[in-house]
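For reference, the structure discussed in these notes is given below.
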Amino acid sequence: MSRIILHVDMDYFYAAIEEREDLSLKGKAVVVCMYSNRGEEGGAVSTCNYTARDAGIHSAMPCRLAKAVKPDAVFLPVRKQLYSEVSERIMEIIRSYADNDGELFEKLGIDEVFLEVTATSGGDLDKAQQIAQSIKDDVKELEDLTCSVGIGPNKIIAKMASSRQKPDGITVIREDEVDGFLRKMPVAKLWGIGKVTEEKLAGMGIDIVEDLAGRDVQELISVFGKTRGTWLKMAASGIDDDPVKEKTSSDQIGRMASLTHDTRKSDLVLSLLDELLDDVFSKVTARSVSFRSITITVIYSNFKTVTKSHTLNHPIAEKAVLREVSYKIMGELLDSSTVNIRRIGVRVGNLHENKGQKTLAEFF
Ligand code: DCP
Ligand code: MG
Ligand code: MG
């Protein structure tokens, strides 16, 4: 069965958060600026809302120029800390939809992510589209923000599809539509091709994707080397086997699972937590690592997602500590809400390799 990959990208992310935080901005052109040490005159546009885009403002444009283009726009300084916090909450919402208990999930930037839903959707694109709609509904309801989703058989196609209908869209590219989707595109639009490659390709008379797909792979290898040459040929042909894989996964070990039914009975929740702890801890032992952070995730029946972490003052690899901290956090989360719980997760992070020294666990 071919894969079904979703790429989710938030719409005008920083500016959308600013709009949400200050209702008086509604209807105005909003520009978020990254000011340099030369003060307000020296900065560049980080992003702007679609009203500002209609006036010709775009990311990376000097703020001075943006002001000249649209003097009545509202200019705001970036608030990175706020955007990161919102991003983390959104990522947890989206992660709850990824296959393998949230493992087939790959954050690509502060406002975008890949997730695989082949198993959850049963390989059915209509179901995948419903999943995309649920993600959009959750993000809208819980964070009051919109996003756009691309659905395709691999990461490259999903990534390029998500920008097709922005803002607030869902674009599905079926396997038999991939060729038509790519064929007439300028090569620079192919995700993974930058300025340097674009110019080299232009020098070879290659301007659109079908030109690239039609070239002999050996010719591409002779110019770009084996790895890159092969990649160019494959990507232009719509082929991409790259797995959805969290880049930071080597620094985290986690598991998520659904309760047999939505509940907030602590014995049921803790017994599932025990199963997850067993699993996570056996992976910790197998990898011979210690951890410093412990994170519990709870997804309520209304899809609200809460995560809470605890950082230890030094790395350890003791199951008793993991269990104690996890129970404490879960107890707090159970006390702080009256809503039933749908799914829970536990994750350890900030991993350190156990070099030489034995962990307590090995003596038992
Ligand atoms: N960003 C930035 N500088 C850039 C590009 C982006 O600081 N040159 C920041 C601000 C954006 C965020 O990263 O809000 C996400 O980048 P996107 O490319 O996804 O752009 P937006 O989300 O703002 O808009 P779109 O609706 O086109 O996705
Ligand atoms: Mg975006
Ligand atoms: Mg983005």
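From the backbone N, Cα and C atoms, a Cβ is placed for every residue, glycine too.
TrEMBL entries are annotated by machine, without manual review.
When pLDDT is averaged over the domain 'UmuC' (5-194), the result is 95. If you look up TrEMBL, you'll see 5-194 marked as domain 'UmuC'.
What TrEMBL records for Asp9, Asp111 is Mg(2+) binding site. Under 8 Å, Cβ to Cβ, and six or more positions away along its own chain, Asp111 (Mg(2+) binding site) finds Asp9, Met10, Phe13, Ser87. Secondary structure at Asp111 (Mg(2+) binding site), as computed by DSSP, is coil.
Tyr14 (site 'Substrate discrimination') carries a helical DSSP state (H, G or I). For Tyr14 (site 'Substrate discrimination'), the same-chain residues 6+ apart in sequence whose C-beta sits under 8 angstroms from its C-beta are Val32, Ser46, Thr47, Val78, Arg79, Tyr83. According to TrEMBL, the feature site 'Substrate discrimination' maps to Tyr14.
Counting only residues at least six positions away in the same chain, the Cβ atoms of His7, Val8, Asp9, Met10, Ser162 sit under 8 Å from the Cβ of Glu112 (active site). Sequence annotations record features per position, and here TrEMBL assigns active site to Glu112.
Look at Asp9 (Mg(2+) binding site): DSSP puts it in a strand. Proximity of the recorded positions (Asp9, Tyr14, Asp111) to ligand 2: a Cβ under 6 Å from the molecule is found for Asp9, Asp111.
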